[in-house]
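Presented below is the structure to which this report refers.
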Amino acid sequence: MTEENDGILPVNADDATWILTASFVIFTMQTGFGLLESGAVAKKNEVNILMKNAVDVILGGLSYWMFGYGLQYGQGPGSSAFCGIGSFFVDTENDGGVFATFIFQLSFATTATTIVSGAMAERADFNAYIIFSFVNTITYCIPAGWMWGQQGFLKKMGAIDFAGSCAVHLTGGASALVASIMLKPRLHRYDGGTDSLAMGDPGNAIMGLFTLWAAINTINASLGGGIAALLMTYLKNRIFGVGDTVNGILGALVGVTAGSAFLRPWESIVIGAICAIVVNEASPFLDRLNIDDPVGAVAVHGVGGILGMTAVGLFVEEDPLLNMTGGLSGLFKGGGFYFLSVQLLSCVCIATWSISTTFLLLKAINLFIPIRMTEAKELLGADFNEHNIQHDGYDYDAMTQQLIRQGYKMELPKVNAPSRHEWDKYLLDKYFESQVQQEQILQNGHRRAWTERPKPKISRRNIRKKMKFCYKNCSIS
């Protein structure tokens, strides 16, 4: 049985099952972005970036349910080629295809905001970001409706973005550009030049790449992108750089998503290689402009998205079987300039919308809550200030006192819990202290009994048992 949906193609039960399965795969991109971004930033900020990704799903998902889906696909009175009206709070009698599509598009909506969080890393105020994560849904849902909604004007003109090069990645990349510029560079980022900063945890970044690799799943393009990125970074620096390799592969994955259903395998490899080269040249270019993007979101998603849409206008052939191209072919396949022009127009429209909307949202939020954290917080790290997490190797007391002496006003976390390393050390001290007290009691009150019995063994196993007991029953005074 086929069900009619709000502003989208009819969806039958089998389609809905596949859409839900694909939604879960897309949702794993949040894990990939979390690992990638936490690996790119300093250790003192790695938990904060993961918390931002969690907020993207919580509040971004809530706002997409409240109004995002309705603006993207609504078919009520007042709907137009610009946006839909209706189905707010996904209030519909249809409980099959609509809900499957809702979950699918919610995964994309939260991903578009997560892309921006990487560009804002290490200096965005968490309270301001919470608000941004909720309202930024408006940046995604309107252009996604232009591209994928039945009423969308770009769709009616013949624009093709099969899996989100433009509607998701360019939207996120353009927003990331605005956020990077408005937040300004991290403290002293370019004092020593424009070279890339060392990753906090390259292993995490590579694990994030593998997760995104599986979620996006445009394999042939990633092969071309990976080869090009490895060669490029080796020829430039005589090393196989992790950052350039990761971003090159991601740029290839992004660049082929727009035409992934229509391109030939060899074309995907060529497009992936081109995307990797251009993306890895775009990142240092942005650094030379003092646009600080810690994870390369602007280059990977913004530049990669534009290249993907352009590739469709060049390489795609007419699809006579399913008519998914609307009878259009790319420039290299004899289709003329119209199709390419529509693809480029889509990039201009969506980038313009994303840039202007993100600018207005961040400006409005900044009127109430500064979008950039204070210098003192940035120096101490967002993990300590926002989440009261102390990393081993950081002397927070000494750092705090030094900042206070230099005139910074500090707003420290209310609960100053010990780090895991400090707690383990405390447990050991507590254990050995209790052993000494026990020995003194036995020696003073029961000398004879003490001399006749063996002394307690202090083994690693006994220490672990005592630490577990102290962890449950002891408190730091």
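Our numbering is plain: 1 for the first residue shown, then up by one each step along the chain.
The backbone N, Cα and C atoms fix where each Cβ goes, glycine too.
For 18-214, the entry in TrEMBL reads domain 'Ammonium transporter AmtB-like'. Per-residue confidence over the domain 'Ammonium transporter AmtB-like' (18-214) averages 94 (mean pLDDT, predicted model).
For 16-37 (among others), the entry in TrEMBL reads transmembrane segment. Residues 49-50, 53, 56-57, 96-97, 100-101, 103-104, 106-108, 110-111, 114-115, 117-118, 121, 204-205, 207-217, 246, 294-295 of the same chain lie 6+ residues outside the transmembrane segment (16-37) yet bring a C-beta within less than 8 angstroms of a C-beta in it.
Remote same-chain residues near the transmembrane segment (49-67) are listed as 30, 33-34, 37-38, 41, 88-90, 102, 105-106, 109-110, 113-114, 117-118, 120-121, 124, 126, 129-130, 133-138, 141, 386-387 (criterion: CB distance under 8 Å, separation of at least six residues from the stretch ends). Marked as transmembrane segment by TrEMBL: 49-67 (among others).
Long-range contacts of the transmembrane segment (97-120) within the same chain, counting only residues at least 6 positions beyond its ends with a Cβ under 8 Å from a Cβ of the stretch, are 3-6, 8, 10-12, 15-17, 19-20, 22-23, 26-27, 29-30, 33, 36-37, 40, 49, 52-53, 56-57, 60-61, 64-65, 68-69, 72-73, 87, 90, 129, 132-133, 136-137, 139-141, 144, 164, 167-169, 171-173, 175-177, 179-180, 183, 293-298, 301, 358. Per TrEMBL, transmembrane segment is recorded for 97-120 (among others).
Annotation comment: TrEMBL describes 126-148 (among others) as transmembrane segment.
Annotation comment: TrEMBL describes 203-234 (among others) as transmembrane segment.
Residues annotated as transmembrane segment in TrEMBL: 246-263 (among others).
What TrEMBL lists as transmembrane segment is 298-316 (among others). With a threshold of 8 Å between CB atoms, the same-chain residues lying at least 6 positions outside the transmembrane segment (298-316) that come near it are 115, 119, 160-161, 165-166, 168-174, 176-177, 180, 247, 250-252, 254-259, 262-264, 267, 271, 274-275, 278-280, 282-283, 286, 291, 325, 328-333, 335, 339-344, 346-347, 351.
Sequence-distant contacts of the transmembrane segment (336-362), counting only residues of its own chain at least 6 positions beyond either end whose CB sits under 8 Å from a CB of the stretch, comprise 116, 132, 135-136, 138-139, 142-143, 146-147, 154, 157-161, 166-167, 170-172, 174-175, 177-179, 182, 258, 302, 305-306, 309-310, 312-314, 316, 328-330, 371. TrEMBL lists 336-362 (among others) with the feature transmembrane segment.
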